[in-house]
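**Q** Copied straight from Swiss-Prot:
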type	residues	note
TRANSMEM	40-60	transmembrane segment
TRANSMEM	64-84	transmembrane segment
TRANSMEM	117-137	transmembrane segment
TRANSMEM	142-162	transmembrane segment
TRANSMEM	188-208	transmembrane segment
TRANSMEM	210-230	transmembrane segment
Amino acid sequence: MKIKDYAVDTARAVAFLSRLPMPPALFNGYDGRLNRLVRAFPFAGLLIGFVPAVTLLLLLSLRTDPLVAALVALSVQALVTGALHEDGLADTADGIGGGSSREQSLIIMKDSRIGTYGAIALILSFAIRAAALAAIIRHSSPLAAALAIPAVAALSRGAIAWHWQRLPPAKPDGVAASNGQPNEAAMHFALVSAGLLAALLIWPPFGLRPLVAGLLVAGVAGFAFTVFIRRKLAGHTGDTLGATQQICEIATLCALATAL
């Protein structure tokens with residue numbers, strides 16, 4: 001693998017996963033497929049996560065209440081990503097909660113309107129993540145708490161690669177199908193790099209126990225959700241990819257907060 005190719009893939013992944021602007025020249029000749037970009041998702045998540053991390057650090061330096069600082073940082077993160085993953089979580093919750101069959105669930109997930117299940121999922125996602133991040137703030141230094149954001153961002157986007165590669169497209173004509181499916185090499189690279197990036201950011205400030213807890217819980221959450229979606233939808237969609245990220249982020253933040 002060439003470093004230049006990986007750098008280009010990372011920039012393209014950042015552009016796909018967020019609203020951060022990237023140089024247009026990087027997209028010359030690019031066909032828009034994402035199957036190779038998946039390998040760069042964790043590092044792209046790391047870069048995206050630094051924006052809310054800096055926000056959190058600034059707020060804590062002003063002695064902002066931990067819960068308020070956590071909520072603002074998560075709001076900034078949603079602005080940076082365009083709430084891409086939150087949208088997937090809401091649509092998946094609506095589809096699974098409101099659909100009595102696989103076909104009906106997929107139809108509901110395609111509807112852009114948010115339903116009761118989606119609204120509840122979004123509220124719980126923000127509430128649980130904010131509470132967990134506030135707990136991390138209270139039991140660690142401001143810098144350590146800030147570093148947890150890009151660490152979890154990298155780890156949760158590595159989980160997307162697992163979900164995407166292990167499940168076929170639920171709809172042959174869907175957006176996820178048109179983007180291609182990652183091969184095992186790209187998936188393995190994403191998982192290993194996600195774990196290494198998380199270790200670099202979590203181990204020094206928090207220690208070994210929170211790191212192990214975060215890695216284990218993220219892995220179990222991603223695996224369990226993938227099995228659940230296989231049974232419910234028999235394949236992945238763009239929405240379930242976003243939901244995977246959200247579920248793993250929630251689970252990892254809770255694991256870190258509990259292990260401190």
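Backbone N, Cα and C define each Cβ position, glycine as well.
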**Q** Which bits of the chain, at least 6 residues beyond where the transmembrane segment (210-230) starts or stops, bring a Cβ under 8 A of a Cβ in it?
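**A** Long-range Cβ neighbours of the transmembrane segment (210-230): 151-152, 155-156, 159, 162-163, 166-167, 195, 198-199, 202-203, 236, 240, 243-244, 247-248, 250-252, 254-256, 258-260.
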**Q** When you scan the chain for residues with a C-beta under 8 Å from the transmembrane segment (142-162), skipping those not six or more beyond its ends, what do you find?
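**A** Those are 17, 38-39, 41-50, 52-54, 56-57, 60-61, 73, 77, 133, 136, 182, 186-187, 190-191, 193-195, 197-198, 201-202, 205-206, 214-215, 218-219, 221-223, 226, 241, 244-246, 248-249, 252-253, 256, in sequence order.
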